[in-house]
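The following features are taken from TrEMBL:
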COMPBIAS  147-163  compositional bias 'Acidic residues'
COMPBIAS  164-173  compositional bias 'Basic and acidic residues'
COMPBIAS  180-198  compositional bias 'Basic and acidic residues'
REGION    145-209  region 'Disordered'
TRANSMEM  6-25  transmembrane segment
TRANSMEM  37-59  transmembrane segment
TRANSMEM  65-86  transmembrane segment
TRANSMEM  98-118  transmembrane segment
TRANSMEM  124-142  transmembrane segment
TRANSMEM  251-270  transmembrane segment
TRANSMEM  282-310  transmembrane segment
TRANSMEM  331-351  transmembrane segment
TRANSMEM  363-381  transmembrane segment
TRANSMEM  390-410  transmembrane segment
Amino acid sequence: MSSIPLWFGWVSVILAILTFGSYGLPAKMKRIRKAKISQMVFQLPLSLIIFISSFLVLTYNKWEFTYLGIVGPALWVPASCFALLAISKIGVSIGQSIWSAVTIGVSFVWGSILPGHTPKNQKLSIVFVIFLILGVSCFGFIKPNQPDDEDDEDNKDNEDNEDNKDNKDNKDNEDNEDNKDDKDNKDNKDNEDNKDNIETIQSVNNIENNDNHERINIIENIDNDENSEEERRNLRNPRKRVQRNVSKKDFIIGILSAITCGLLNGSMMVPLSYVPSESNGIIYIVSFGIGTIIVTPIVFFIFYFIGIIRNKCNPTKKPFLKLSDLKIKKAMIPGMISGIFWSLGNFFATYATLSPLGMSQGFSLTQLAVVVAALWGIFVFKEISGKKNLIIFSSVAITTLVFAMLLGIYG
């Protein structure tokens, strides 16, 4: 492997954390959420940029190719799919905390086994990694806010419009009835004698009594409408909304998917350790890019046909990937932007792994990108709010960063 200074390894770790923690930003755009684009579709332009950008390392390296570059994407692309499945079952906060923790543990174990990546102090490193895993796992206890989907706003507007329309119709009907009664009373007054006038007065009194009774009913209905509106507001309020219980089956599937994602993601850099020593390790990125463009379509069509088969076997059950989800045009630009961030993260993570930090420390520390992603969620997307959540986040983030620094210094 190439000789890379320790200081550059640390710089690479920091830059990898920043870029990996930001690559999911385009997927959180409102128009992307509103379009409900499948992650598998989003993966296509992302992989395309990874393939194209990988050739940039040839500007300062000679061309080399190794079949090991296909092994890495064969691990990473399915890991991305399992991440999607975990999010759909148990949510992003729990899912991401689990696979990040597993990735740290797996990459550390690989680093301890593989030659050239063994930490300086094995016992201390194990202790720090355990606390690091626990710290990252605690991010799952932070309850994110439900995003204010445009559909909810549209439903609210439609309900308000319908209520206004009903109120307007009721008011018009009451006005028409009042006008009709007034006209009848006027005709009776002009055409009938005193006896009829007495009867008319009695009728008017009855009408007034009925009107009073109707007014009471209207007031009661208004009160009921206000109560219903309050209930609807409570349902829209994430803090008052009754949480949907996750079924035992979905919970197990989500947990297993997150663990599988972490196992695959933590092993992604293992092929890099087997690159021949006479080769420049960074050239592995080119082979990785070629492997990505080969593996991604294969995995995409596998998931697509799984959706077709599931739809035929059980039409009432929503397939994992269906034809209406293929909104490639809308996903193209955001997916490419995500690909740029991820390519930069992979570039720096590769240098961190090739540095003296090795896989046990260098690549493990890049998983602190979960902290950066959470910061974006707090300050930009307002996904995390409330005093309790912010206290938990601050405590966990500080503790995790402290043990990460200890792992890098004494590990």
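Glycine too: its Cβ is placed from the backbone N, Cα and C atoms.
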Under 8 angstroms for C-beta pairs, at least 3 of them, ignoring pairs fewer than 6 apart in sequence. Is the transmembrane segment (65-86) in contact with the transmembrane segment (282-310) by that rule?
yes
Quick one: find which recorded stretch in 6-25, 98-118, 282-310, 331-351, 390-410 has the most Cβ pairs under 8 Å with the transmembrane segment (363-381).
6-25
The transmembrane segment (98-118) touching the transmembrane segment (251-270) per 3+ Cβ pairs under 8 Å rule:
yes
Please figure out which one of 98-118, 282-310, 331-351, 390-410 racks up the most CB pairs under 8 Å against the transmembrane segment (124-142).
390-410
In terms of Cβ proximity under 8 Å, which residues at least six beyond the ends of the transmembrane segment (282-310) contact it?
2, 40, 43-44, 47-48, 50-55, 57-58, 61-74, 76-78, 81, 271-272, 275, 317, 319-322, 346-347, 350-351, 354
